[in-house]
Ligand code: PCA
């Protein structure tokens, strides 16, 4: 049976909720046929996440890994195409660490491309009426680090065989709060639509390979 690891993140910065943690909890309620599914929430910590991820990979040896993260301020589901070998944090992580222009892996390749079926997922989600884009930057924060490390271990160890990263927007209840507290006009996407998107991404990834 194929093994699939799906990860989200704990909250970070000013936000009390991370939609991806909520999505991971929701996926725990579901049945997936023909697949052994592992669901994990990662720390928003540049230093801890590498060890966390490596231990998960060594234990599970997943065939596929789909990593989810919040990109507050983006309006649609973002299928990330590329991860770069740099950490340049706009805000400190949850351990109050803020690397500036540091490599993730000394002497690692400059970048890796997603090995998920990026275009197929894009078309599938758009056909289902879910606003989706391909993004050419996963940022320079912990999400980019996780995508880079996942592709790096895939390259060096062979597992996960296929991996990539998906950014999701805020939930509506999060931006309502920001409208009233901060006067910020921000886009959002409902839990139902985000969950539907993640379910389709899982399905497409499994049937593509
Ligand atoms: N988003 C952050 C890190 C954790 C998360 O959910 C990012 O985009 O890097």
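Note: Cβ is positioned from N, Cα and C throughout, glycine not excepted.
TrEMBL entries are annotated by machine, without manual review.
Sequence annotations record features per position, and here TrEMBL assigns active site to 80 (among others). Non-local contacts of residue 80 (active site) by the CB criterion (under 8 A, 6+ apart in sequence, same chain) comprise 114, 135, 137, 138, 147, 164, 165, 166, 167. A strand conformation is recorded for residue 80 (active site) in the three-state DSSP classification.
Cβ neighbour count for residue 143 (active site): 25 (other Cβ atoms within 10 Å of its Cβ, all protein chains included). TrEMBL lists 143 (among others) with the feature active site.
According to TrEMBL, the feature active site maps to 167 (among others).
Around the Cβ of residue 167 (active site), 24 further Cβ atoms fall within 10 Å across all displayed protein chains.
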